[in-house]
Amino acid sequence: MTPALPPRRTRAFIPPTASKQSPTLNLSDMISSSRSASSRSDPCQPTSAAASRPSQTTSMRSEYTVCDIAAALTVPPILSCDSVSSNPTEHPPTRTRSKFSQFKHVHAHGELAASAPLSRRPTKMVKKEILLTNGQFIVETPMGPEHIASVQFKEDAEFTSLRYTAVTTDPNEFPKLYNLRQKELKRVTKLAIVCTMYNEDESLFTKTISAVMDNIAYLCNLNRKGWNAESWKDIVVVIVADGIGPVNQRTLDVLSAMGCFMEGLPRATVNSQPVNAHMFEITTQVRVDMKLVPTFSDSRKVFPMQTIFLLKEKNAKKINSHRWFFNSICAVLNPSVCILIDVGTKPTRQSFYHLYRAFERNPRVAGACGEIAAELGKYGQNLLNPIVAVQNFEYKMSNILDKPLESMLGYITVLPGAFSAYRYDALLGQPLDMYFKGEVLHADGIVGKPNVSESNMYLAEDRILCFELVMKKNSRYILKYVKSAKAETDVPTELHDLIKQRRRWFNGSFFASTYSVMNFYRIFSSGHSAFRQALLLFETLYTAINLVLSWFSIASIYICFYFMFNIVGNSSLIACSQAVQDAPGADPFYPYGGPVSGTIKASYICTVLVMILASLGNKPDTIKEILMLIVSLFSFMMSFLLILVGWTIYLDIVQIPDTVTTAATFWKYLIHKPTFRDLAISLLSTYVMYFLSSLLYLDPWHAFTCLIQYVLMIPSYINVLMVYAFCNIHDISWGTKGQEQSSHNAKVISSTNEKGQQVVSTEVPAPDFYSELEKLREMALEQTQRSRNRQRGKKSNKTSEDHFKSYRTYVVMWWLLSNLVLVFFLTNSWVVMKMSSPGAPNLYLVLLLWSMAGLTGVRFVGSLMYLLQWLLERCTDFIF
């Protein structure tokens with residue numbers, strides 16, 4: 001059961017500190033604005049902007065007079081404006097410090113006054129008769145004189161009135177019954193930005209929304225490339241919250257302070273029709289930063305932001321939030337480009353501009369993404385956590401090698417949902433239809449035997465969308481990586497959170513990649529040129545090779561351990577298997593090489609088996625200690641492997657004869673020394689390309705701070721993350737809770753007046769901007785006292801559970817059997833003797849090492865070509 005939104009904390013309003021750089025409320029403004037309101041014949045009438053609205057909208061009266069404000073500030077009612085200094089930082093010499101100035105002192109020094117306990121009271125409501133619009137409950141609520149006095153634009157209803165719409169239709173039916181303010185104002189939307197959230201707190205929300213407003217300000221200050229001071233009218237920001245139940249109440253407080261939400265407006269039903277979503281529309285002029293300090297619109301730093309806050313009645317997952325955005329909002333606005341951002345992601349100030357420019361330069365670009373970086377904290381302190389360091393290295397190398405290569409080929413396998421952009425016209429038709437197919441597959445109540453591979457594939461529905469865009473019939477769309485567009489996102493900091501995240505990523509990407517490879521023939525019906533088709537076929541082959549290597553990765557890494565720790569005394573077997581001889585000078589662990597080798601191999605196998613058993617039927621949260629032990633053991637064994645690799649290379653180097661003095665003689669020596677050639681050159685070239693490509697992109701620091709952690713975690717990535725993912729292939733959840741919920745919000749039951757119109761008599765909230773801003777101050781002080789854990793949703797129960805688990809059993813069985821068979825053959829002494837002649841390296845190790853080096857080389861070449869293209873585009877933008 002979902003409760004109604006609880007009453008929010010309210011206290012006497014403490015006005016924000018004045019700023020010389022941007023307009024803020026001060027005491028004189030508050031009293032003078034309220035005095036002007038009280039000077040009318042009715043002291044509770046709304047402002048002129050609100051009073052001029054049609055009668056069918058709400059004409060709520062302001063409840064605040066000079067006496068009310070003075071009492072709220074604990075200032076005697078007879079105090080006049082002239083008795084207070086115009087500068088709120090100065091105190092009247094004839095009076096002691098007021099509570100207002102005391103609060104400013106506390107806020108400046110980060111101290112929380114113990115004498116200011118929280119108090120609660122219900123939202124102030126007023127009775128109002130509202131005329132239904134085409135049978136729908138749509139109400140305009142004035143923001144009140146306090147809010148209007150604080151902002152730059154004060155006349156038009158889009159700035160001074162919050163429009164609430166109780167949406168009773170499905171997202172697909174929304175355009176038939178409802179309209180949006182931007183459409184009514186006949187504005188053309190260039191950018192539609194959707195910020196999706198679940199239960200993120202106010203810190204994550206303000207991090208994202210303040211960065212969005214900074215991007216809008218950058219575009220408005222650009223004054224070129226079609227952008228100017230009025231460009232905020234071309235941008236619409238849509239904030240979608242996935243359900244009333246999980247939404248963070250403190251985040252709603254921030255939205256209220258921005259004027260984008262008002263408690264007391266949401267309704268449960270309209271004439272017995274359940275409300276599916278609550279939509280709030282306003283052009284906000286309030287920016288709230290991560291310290292919860294509000295800044296109001298001015299001429300350059302803060303521009304108005306056309307905002308639509310869509311609060312879904314029920315939790316229905318992120319893909320449903322995107323359906324509300326694309327099929328409802330975008331269907332009305334028809335934007336040129338849509339930008340997708342997860343709350344918690346912080347784009348840099350110029351990111352929106354660079355993303356939009358990618359679509360302007362090339363009309364065939366259907367989608368684009370920027371560089372996503374892990375949040376490292378102040379002075380990179382988060383890198384002290386090895387879990388964060390490993391992910392930072394992953395993100396960096398993906399942005400340097402993988403994304404540029406795929407961008408040059410024209411098909412980026414995944415545009416991250418946390419920060420990506422799409423051309424809306426390209427999405428229409430089959431791409432969006434296939435994208436939203438995942439919503440049905442993941443919905444509760446499925447009976448029978450659903451397609452498990454499709455269900456897992458749609459854990460990575462953004463990969464399916466990318467494939468469908470590039471393969472759209474009779475089209476020539478490509479996907480683009482935009483290096484200049486950057487965003488910072490929070491990454492899992494705990495091992496169990498990382499495992500849960502990668503379970504979705506691994507299973508989703510594996511089945512989505514398999515889907516794209518098996519449907520390669522669609523390249524020929526896409527409309528691409530012969531050259532582009534050749535590039536796409538090459539990328540399909542590249543993806544297929546990676547899939548095979550991924551499938552056999554658990555066997556491959558064990559074989560590497562087996563042969564490196566295969567310390568034997570038989571000279572023939574040593575020569576064929578490239579084992580280490582248990583003798584002084586040849587074995588770094590001599591005379592304990594045999595026991596060390598046997599212990600490492602036995603421990604490796606036992607650890608893998610423990611991980612498999614722990615992955616069956618257990619949640620990562622419940623086995624944290626076991627997981628940490630397993631990862632520590634694999635890292636310990638990997639360190640021994642690195643010692644052996646370094647020792648082997650060292651022995652080959654010291655054995656180089658003195659006659660090798662030139663490059664020609666060194667090359668001849670390599671031909672006759674396959675061990676040194678295959679092991680040293682293939683491995684070193686891989687990491688040399690990592691360093692070199694990072695230097696070319698002027699971003700090498702991750703290679704120095706994160707490489708060691710990444711290498712030590714390689715066995716854990718395969719034997720922990722991948723094993724857990726495949727052992728839980730039956731689980732297609734996103735970690736969100738069930739959708740069967742009911743609302744306790746007020747119900748709308750209309751009647752017919754004497755004119756034959758549908759009207760409803762109901763209570764609506766009175767504007768209380770003072771309390772909203774005061775709550776920001778209060779929450780800011782609380783942030784200095786304690787840290788808050790994010791709320792976690794409960795996993796939903798699965799239908800057809802037996803079918804999913806049996807599918808899991810078959811996949812895991814064939815995966816393990818195929819890997820065990822490979823291990824058996826390649827570690828069997830008879831097979832090893834047949835595969836390799838004395839003195840020659842093991843053929844499988846040669847294939848494995850050089851295939852990895854070759855794939856890295858392909859990525860490096862693609863990265864270099866992209867870098868040259870990016871430099872050319874930046875030079876063109878600079879010149880023209």
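Even glycines carry a Cβ here, placed using N, Cα and C.
Taken from TrEMBL, the feature region 'Disordered' applies to 1-60.
Per TrEMBL, compositional bias 'Polar residues' is recorded for 18-31 (among others).
The annotation compositional bias 'Low complexity' is assigned in TrEMBL to 32-41.
Residues or ranges marked as compositional bias 'Polar residues' in TrEMBL: 42-60 (among others).
Summarising the annotation, TrEMBL assigns domain 'Chitin synthase N-terminal' to 126-189.
The transmembrane segment annotation in TrEMBL covers 505-524 (among others).
The annotation transmembrane segment is assigned in TrEMBL to 536-565 (among others).
Marked as transmembrane segment by TrEMBL: 592-614 (among others). For the transmembrane segment (592-614), the residues of the chain that approach it from at least six positions outside its boundaries are 554, 558, 561-562, 565-567, 580, 582, 623, 626-627, 630, 633-634, 637, 640, 719-720, 723-724, 727, 812, 816, judged by C-beta separation under 8 angstroms.
As annotated by TrEMBL, transmembrane segment applies to 626-650 (among others).
For 679-698 (among others), the entry in TrEMBL reads transmembrane segment.
The feature transmembrane segment is assigned by TrEMBL to 707-726 (among others).
Per TrEMBL, transmembrane segment is recorded for 812-831 (among others).
Here TrEMBL flags 843-868 (among others) as transmembrane segment. Sequence-distant contacts of the transmembrane segment (843-868), counting only residues of its own chain at least 6 positions beyond either end whose CB sits under 8 Å from a CB of the stretch, comprise 400-402, 404-409, 481, 483, 542, 545-546, 549, 556, 559-560, 563, 578, 674, 678-679, 681-683, 685-686, 689-690, 692-693, 696-697, 826, 835-836.
Mean pLDDT of the predicted structure over the domain 'Chitin synthase N-terminal' (126-189): 88. Long-range contacts of the transmembrane segment (536-565) within the same chain, counting only residues at least 6 positions beyond its ends with a Cβ under 8 Å from a Cβ of the stretch, are 406, 409-411, 413, 470, 510, 513-514, 516-517, 520, 523, 528, 577-580, 596-597, 600-601, 604-605, 608, 637, 640-641, 644-645, 648, 714-715, 718-719, 722-723, 815-816, 818-820, 822-823, 826-827, 842, 844-845, 848, 851-852, 855, 858.
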